[in-house]
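Engineer: Take this structure, written in C-alpha coordinates, and hold onto it; I'll ask about it next.
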Amino acid sequence: MKKIGILGFQGAVVEHERQIQALGHEPVIVKYPEQLDVIDAIILPGGESTTMGKILNRTGLMAPLREKIVGGLPVWGTCAGMILLAKDLVNDSVTHLGVMDISVRRNAYGSQIDSFSTKQVIPAVDSKEIELVFIRAPYITKVEDGVKVLCELDGHVVAAEERNMLVTSFHPELTDDVTFLKYFVSKIK
Ligand SMILES: NC(=O)CC[C@H](N)C(=O)O
(Lines of atoms letter the chains of each structure in order from A and count residues from 1; the text may use other names and numbers.)
(Lines give C-alpha, C1' and ligand atoms only; values in the text may rest on other atoms or scores of the structure.)
Protein backbone atom coordinates (compact mmCIF):
# COMPACT_ATOMS: atom_id res chain seq x y z
CA MET A 1 0.00 0.00 0.00
CA LYS A 2 1.34 3.41 -1.00
CA LYS A 3 0.79 6.72 0.75
CA ILE A 4 -0.26 9.07 -2.00
CA GLY A 5 -0.36 12.77 -1.19
CA ILE A 6 -2.84 15.17 -2.76
CA LEU A 7 -2.06 18.87 -2.57
CA GLY A 8 -5.08 19.83 -0.50
CA PHE A 9 -5.67 23.58 -0.80
CA GLN A 10 -8.50 23.58 -3.33
CA GLY A 11 -9.76 21.92 -6.50
CA ALA A 12 -10.50 18.26 -7.26
CA VAL A 13 -9.03 16.87 -4.02
CA VAL A 14 -11.89 14.61 -2.89
CA GLU A 15 -12.16 13.01 -6.34
CA HIS A 16 -8.49 11.92 -6.29
CA GLU A 17 -8.92 10.80 -2.68
CA ARG A 18 -11.80 8.48 -3.66
CA GLN A 19 -9.87 6.91 -6.54
CA ILE A 20 -6.80 6.33 -4.36
CA GLN A 21 -8.99 4.58 -1.77
CA ALA A 22 -10.72 2.55 -4.49
CA LEU A 23 -7.31 1.19 -5.53
CA GLY A 24 -6.50 0.25 -1.93
CA HIS A 25 -3.89 2.94 -1.28
CA GLU A 26 -3.81 5.60 1.43
CA PRO A 27 -4.52 9.21 0.47
CA VAL A 28 -2.81 11.98 2.44
CA ILE A 29 -4.18 15.51 2.07
CA VAL A 30 -1.03 17.64 1.99
CA LYS A 31 -1.11 21.17 3.43
CA TYR A 32 2.09 21.37 5.47
CA PRO A 33 5.78 20.87 4.58
CA GLU A 34 6.28 18.09 7.20
CA GLN A 35 3.79 15.90 5.36
CA LEU A 36 6.14 15.70 2.38
CA ASP A 37 8.34 13.36 4.42
CA VAL A 38 5.67 10.68 4.89
CA ILE A 39 4.35 10.28 1.32
CA ASP A 40 5.50 8.01 -1.52
CA ALA A 41 4.12 10.27 -4.29
CA ILE A 42 2.00 13.39 -4.72
CA ILE A 43 -0.85 14.51 -6.96
CA LEU A 44 -1.31 18.18 -7.81
CA PRO A 45 -5.02 18.35 -8.61
CA GLY A 46 -7.00 20.45 -11.05
CA GLY A 47 -8.42 23.68 -9.76
CA GLU A 48 -7.03 27.19 -10.04
CA SER A 49 -3.28 27.32 -10.59
CA THR A 50 -3.00 31.01 -9.62
CA THR A 51 -4.64 30.33 -6.24
CA MET A 52 -2.60 27.19 -5.61
CA GLY A 53 0.63 29.00 -6.50
CA LYS A 54 -0.15 31.79 -4.03
CA ILE A 55 -1.04 29.38 -1.23
CA LEU A 56 2.08 27.29 -1.89
CA ASN A 57 4.12 30.43 -1.27
CA ARG A 58 2.13 31.60 1.74
CA THR A 59 2.34 28.23 3.51
CA GLY A 60 6.04 27.78 2.84
CA LEU A 61 5.35 24.62 0.85
CA MET A 62 6.67 25.87 -2.51
CA ALA A 63 10.42 25.42 -1.90
CA PRO A 64 10.31 22.06 -0.05
CA LEU A 65 7.84 20.61 -2.58
CA ARG A 66 10.05 21.74 -5.46
CA GLU A 67 13.06 20.17 -3.72
CA LYS A 68 11.26 16.84 -3.21
CA ILE A 69 10.16 16.70 -6.85
CA VAL A 70 13.62 17.56 -8.16
CA GLY A 71 14.91 14.85 -5.80
CA GLY A 72 12.65 12.24 -7.45
CA LEU A 73 9.30 12.23 -5.58
CA PRO A 74 6.78 10.88 -8.13
CA VAL A 75 4.32 13.64 -9.03
CA TRP A 76 1.23 13.74 -11.21
CA GLY A 77 -0.17 17.13 -12.16
CA THR A 78 -3.71 17.19 -13.56
CA CYS A 79 -4.75 20.36 -15.38
CA ALA A 80 -3.88 23.20 -12.95
CA GLY A 81 -1.25 20.79 -11.58
CA MET A 82 0.31 20.63 -15.04
CA ILE A 83 0.52 24.44 -15.04
CA LEU A 84 2.23 24.41 -11.63
CA LEU A 85 4.87 21.95 -12.87
CA ALA A 86 5.71 23.51 -16.26
CA LYS A 87 8.97 25.45 -16.57
CA ASP A 88 7.51 27.76 -19.19
CA LEU A 89 4.01 29.29 -19.30
CA VAL A 90 3.49 30.83 -22.73
CA ASN A 91 0.57 33.17 -22.06
CA ASP A 92 0.65 33.95 -18.37
CA SER A 93 2.79 34.44 -15.32
CA VAL A 94 1.65 32.25 -12.46
CA THR A 95 3.76 31.72 -9.34
CA HIS A 96 4.56 28.06 -9.75
CA LEU A 97 6.99 25.17 -9.24
CA GLY A 98 8.57 25.36 -12.71
CA VAL A 99 10.33 21.98 -12.70
CA MET A 100 9.26 20.12 -15.85
CA ASP A 101 10.74 20.81 -19.28
CA ILE A 102 7.50 21.71 -21.01
CA SER A 103 5.83 24.90 -22.27
CA VAL A 104 2.16 25.17 -21.38
CA ARG A 105 -0.70 27.40 -22.53
CA ARG A 106 -3.27 28.09 -19.79
CA ASN A 107 -6.97 27.98 -20.67
CA ALA A 108 -5.91 26.82 -24.13
CA TYR A 109 -9.37 25.42 -24.90
CA GLY A 110 -11.27 28.57 -23.88
CA SER A 111 -13.49 29.16 -20.88
CA GLN A 112 -15.69 26.96 -18.68
CA ILE A 113 -18.35 26.51 -21.39
CA ASP A 114 -15.70 25.10 -23.71
CA SER A 115 -15.17 22.15 -21.40
CA PHE A 116 -15.63 18.78 -23.09
CA SER A 117 -14.98 15.07 -22.86
CA THR A 118 -13.69 12.58 -25.41
CA LYS A 119 -12.34 9.00 -25.52
CA GLN A 120 -8.92 7.86 -26.63
CA VAL A 121 -6.41 5.04 -26.26
CA ILE A 122 -3.15 6.08 -24.59
CA PRO A 123 -0.91 3.15 -25.57
CA ALA A 124 1.66 3.65 -22.78
CA VAL A 125 -1.14 3.54 -20.22
CA ASP A 126 -3.57 0.85 -21.40
CA SER A 127 -4.84 -0.80 -24.58
CA LYS A 128 -8.44 0.21 -23.88
CA GLU A 129 -9.98 3.62 -24.47
CA ILE A 130 -10.15 5.95 -21.51
CA GLU A 131 -12.36 8.99 -21.05
CA LEU A 132 -10.57 12.33 -21.17
CA VAL A 133 -12.40 15.19 -19.42
CA PHE A 134 -11.18 18.71 -20.20
CA ILE A 135 -12.22 21.68 -18.00
CA ARG A 136 -10.73 25.08 -18.90
CA ALA A 137 -7.78 22.91 -19.77
CA PRO A 138 -4.23 23.82 -20.67
CA TYR A 139 -2.20 22.03 -23.34
CA ILE A 140 1.50 21.60 -23.91
CA THR A 141 2.91 23.69 -26.74
CA LYS A 142 6.49 22.42 -26.58
CA VAL A 143 8.41 19.55 -24.98
CA GLU A 144 12.18 19.54 -24.49
CA ASP A 145 14.49 16.53 -24.83
CA GLY A 146 13.82 13.95 -22.14
CA VAL A 147 10.07 14.51 -22.12
CA LYS A 148 7.97 11.63 -23.44
CA VAL A 149 4.67 12.53 -25.10
CA LEU A 150 1.93 10.12 -23.95
CA CYS A 151 -1.15 11.56 -25.67
CA GLU A 152 -2.01 14.09 -28.35
CA LEU A 153 -5.42 15.45 -29.22
CA ASP A 154 -5.97 17.40 -32.45
CA GLY A 155 -2.22 17.94 -32.74
CA HIS A 156 -1.78 19.23 -29.19
CA VAL A 157 0.08 17.36 -26.46
CA VAL A 158 -2.28 16.67 -23.53
CA ALA A 159 -0.27 14.11 -21.52
CA ALA A 160 3.47 13.70 -21.04
CA GLU A 161 6.10 12.47 -18.61
CA GLU A 162 9.66 13.30 -17.70
CA ARG A 163 11.52 11.12 -15.18
CA ASN A 164 9.33 11.14 -12.01
CA MET A 165 6.90 13.76 -13.39
CA LEU A 166 3.61 12.99 -15.12
CA VAL A 167 1.15 15.60 -16.41
CA THR A 168 -2.30 15.48 -17.97
CA SER A 169 -4.46 18.32 -19.34
CA PHE A 170 -7.49 16.19 -18.56
CA HIS A 171 -9.08 14.86 -15.35
CA PRO A 172 -9.13 11.03 -14.98
CA GLU A 173 -10.33 11.52 -11.38
CA LEU A 174 -13.64 12.90 -12.63
CA THR A 175 -14.49 9.56 -14.27
CA ASP A 176 -15.11 6.23 -12.56
CA ASP A 177 -12.12 4.69 -14.34
CA VAL A 178 -8.96 4.24 -12.24
CA THR A 179 -6.75 3.16 -15.17
CA PHE A 180 -4.73 6.36 -15.25
CA LEU A 181 -4.20 6.36 -11.48
CA LYS A 182 -3.00 2.74 -11.76
CA TYR A 183 -0.46 3.90 -14.33
CA PHE A 184 0.79 6.63 -11.95
CA VAL A 185 1.02 4.16 -9.07
CA SER A 186 3.07 1.81 -11.30
CA LYS A 187 5.71 4.55 -11.46
CA ILE A 188 6.13 4.64 -7.66
CA LYS A 189 9.01 2.51 -6.39
N1 LIG B 1 -9.53 22.29 -14.45
C2 LIG B 1 -8.47 23.02 -14.19
O3 LIG B 1 -7.60 22.65 -13.42
C4 LIG B 1 -8.45 24.36 -14.85
C5 LIG B 1 -7.12 25.04 -14.75
C6 LIG B 1 -7.32 26.54 -14.71
N7 LIG B 1 -7.84 27.01 -15.96
C8 LIG B 1 -6.00 27.22 -14.37
O9 LIG B 1 -5.51 27.97 -15.13
O10 LIG B 1 -5.46 27.00 -13.33
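Note that Cβ sites are derived from N, Cα and C of the backbone, with glycine treated the same way.
What TrEMBL says about a protein is an automatic prediction, not a curated fact.
Got these off TrEMBL a minute ago, pasting:
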type: BINDING; residues: G47, E48, S49, R106, I135, R136; note: L-glutamine binding site
type: ACT_SITE; residues: C79; note: active site, nucleophile
type: ACT_SITE; residues: H171; note: active site, charge relay system
type: ACT_SITE; residues: E173; note: active site, charge relay system
Engineer: Rounded to a whole angstrom, what is the C-alpha distance between H171 (active site, charge relay system) and the residue listed as 'active site, nucleophile'?
Structural biologist: 7
Engineer: Compute the mean position of the Cβ atoms of G47, E48, S49, R106, I135, R136, which form the recorded L-glutamine site, and then list in sequence order the other residues of that chain whose Cβ is within 8 Å of it.
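Structural biologist: Leaving out the recorded residues gives G11, G46, C79, A80, I83, N107, A137, P138.
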Engineer: Sorry to bug you, but what's the C-alpha spacing from C79 (active site, nucleophile) to S49 (L-glutamine binding site), rounded to the closest Å?
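Structural biologist: The Cα atom of S49 (L-glutamine binding site) is 9 Å away from the Cα atom of C79 (active site, nucleophile).
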Engineer: Of all the Cα pairs drawn from G47, E48, S49, R106, I135, R136, the residues the record ties to L-glutamine, which distance is largest, in Å?
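Structural biologist: So the binding residues stretch over 13 Å, Cα to Cα.
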Engineer: To the nearest whole angstrom, what is the C-alpha distance linking C79 (active site, nucleophile) and G47 (L-glutamine binding site)?
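Structural biologist: Roughly 7 Å, rounded to the nearest whole number.
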Engineer: Could you tell me which of these recorded positions, E48, E173, has the greatest number of Cβ atoms within 10 Å of its own Cβ?
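Structural biologist: Of the recorded positions E48, E173, the most buried by Cβ count within 10 Å is E173.
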